[in-house]
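The structure appears below as structure tokens.
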């Protein structure tokens, strides 16, 4: 082999060897890019799952709350369904009457006082069983007589609410009202006073003799 051919071969090998490093670098960069993309996909998936879990828990919690709310409304064990006190009823009636009377023509600066007889009364469901028995007796003189025995057995209807048993409420009766006092400006007018009495008797369903209307004194009185 001549020197010229030997030099050409060496220069070719030199160029070949010098071109390998860039190819290796490109392959390495490509592998690193794939690894980085894989890590990003994994982290993104974990992030999505971690953010989705609280929503699921919150939905379940709201569902449980809705179920509890339905149970409360069904069996009347919630705060709004609890029996009101006498004071609660009096304040409620006084506020309602004050709003109504303040809106009437000729009536101003109203004060209302309501006296309630008792708290509300609940009427419960009962199963009623009527029994009747007739007995015929013979006396020594040959006469007969019939003895009737009637009995009524009532049993309270109970439903189960979880671990508790509660009676079934048929209806709730509002308490009776003993009397109502209205003090207002303009009540010294006979027509206005009559209108106030009529309004109170219709709103609270009480007889007129239980309603007293008095004019309020002014600063100069």
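Glycine is no exception: its Cβ is also placed from the backbone N, Cα and C atoms.
Source: prediction; values computed, not measured.
If you look up TrEMBL, you'll see 1-23 (among others) marked as region 'Disordered'.
The region 'Disordered' annotation in TrEMBL covers 52-83 (among others).
Sequence-remote contacts of a segment are chain residues at least 6 beyond its ends whose Cβ falls under 8 Å from one of its Cβ atoms, and for the region 'Disordered' (128-149) they are 155. Annotation source TrEMBL lists region 'Disordered' at 128-149 (among others).
Per TrEMBL, transmembrane segment is recorded for 28-47.
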## Note on the structure
What DSSP reports for the region 'Disordered' (128-149) is 0 helix, 17 strand, 5 coil
